[in-house]
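Copied over from TrEMBL:
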- Glu229: active site (ACT_SITE)
- His67, Glu70, His165: Zn(2+) binding site (BINDING)
- 58-255: domain 'Succinylglutamate desuccinylase/Aspartoacylase catalytic' (DOMAIN)
- 269-342: domain 'AstE/AspA barrel-sandwich hybrid' (DOMAIN)
Amino acid sequence: MKPETLLQQLQQNPDFLKLTLAHPDFLPFVRYSLQNGTQIQIWDTGVLYCQPKQCGQQDIVLSSGVHGNETAPIELCSTLLNDVLAGKLLLTERVLFLFGNPAAMNAGVREIQDNLNRLFSGHHSKEPGIQSAERERAKKLEGYVVKFYEEAPQGLRERKLYDLHTAIRGSRFEKFAVYPFLHGQNWSKQQFEFLNACGANTVLLMQAPASTFSYFAAQSCKAHGFTIELGKARPFGQNDMSRFAEAATALRALISGSELNTKEFNEADFNLYEVRRAINKTTEAFALHFADSIENFTTFDVGTVLASDEGVEYKVEVEGEAIIFPNPKVAIGQRAMLMVKPVSVAGKVS
Ligand SMILES: O=C(O)CCC(=O)N[C@@H](CCC(=O)O)C(=O)O
Ligand SMILES: [Zn+2]
């Protein structure tokens, strides 16, 4: 598509997600200004940069569709972005909207060849000779995020990246966030307060580096980076968007500088977990020993066999150990389930 055609189409019908899905592999660079002075730049398919006339002090990446079948966050971000493009939502902050994996969205699948959310922090290039659309996309997305943060105005700024997902199965706590490993740094009170305002008062504190987008943002870009799970994954058009209203309101307020009623951090308001162990799939024999209806954060009696792989059984080891993200369909070598346990952050939040 030619840049002038794209510009014309966008101005006639300001729906960037629609254009992205119609052109999942490529959109040319274009820039234009809205009547309210906001500058819009398309950097790629699924990648749109917004710069308000007067920039606040935050640089915010809103990412969705890193997994193509997790549609509610895509619909949520598309609504926010369409309101920006139509001049109905006036931004005060620089925002980079990312729709992660357009080809997977069109196909209604989590991934086409590779799990995009296992390819960040350079993992896209760790096996020379192996190529996939997701590896290419991960590399490009890293580049766009770095460019976005590096091109920010000078001065004291706050970098944020919220990578929005929905989970494969139901969850005892419908909304929860994954707080990437901070290498011993304190967790942020202000960010806990924001997550709570999004309805995600369950937080999983990671204890090790990961190849996820949120860890890349936190570790490589020094951003407040999070994976936020907003509910259960459903196909496009089948989401009850009223269940995402709190998150939509909080994100809208964040990017437009409007008042957000956050509650002061109090650990008692949160369900906090840390990862005790990650169970990886090592062979095709990997199997779960509980039903698909069993929800995330379910606990079992000590000794219960939860999963097995060739020559090994994985049992509950301690009281209170709960399951999260069980998925026997992952590629060999990848994490097939996390075992988590309740934890306190007392004294380590500032
Ligand atoms: O429900 C599931 O099993 C997966 C939902 C999902 O995509 N979760 C993210 C979490 C990323 C993180 O650990 O920060 C993922 O698995 O990529
Ligand atoms: Zn996901």
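The count begins at 1 with the first shown residue.
Cβ atoms are placed via backbone N, Cα and C, with glycine included.
Feature map: annotations from TrEMBL on the structure.
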{"residue": "His67", "record": "Zn(2+) binding site", "DSSP class": "coil"}
{"residue": "His165", "record": "Zn(2+) binding site", "DSSP class": "strand"}
{"residue": "Glu229", "record": "active site", "DSSP class": "strand"}
Spatial separation of His165 (Zn(2+) binding site) from Glu229 (active site) - C-alpha basis, Å: 5
For His67 (Zn(2+) binding site), nearby residues of its own chain (Cβ under 8 Å, 6 or more apart in sequence): Gly100, Asn101, Ala104, Arg110, Glu111, Asn115, Leu116, Asn117, His165, Ala233
Listed in sequence order, residues not in His67, Glu70, His165 with Cβ within 8 Å of the centre of the Zn(2+) site Cβ atoms: Ser64, Gly65, Val66, Gly68, Asn69, Pro73, Arg110, Asn117, Leu164, Thr166, Ala167, Ala233
Recorded positions near ligand 2 among His67, Glu70, Glu229 (Cβ under 6 Å): His67, Glu70
Number of other Cβ atoms within 10 Å of the Cβ of Glu70 (Zn(2+) binding site) across all protein chains: 26
Packing count at the residue listed as 'active site' (other Cβ atoms within 10 Å of its Cβ): 26
Per-state residue totals over the domain 'AstE/AspA barrel-sandwich hybrid' (269-342) - DSSP helix, strand, coil: 1 helix, 34 strand, 39 coil
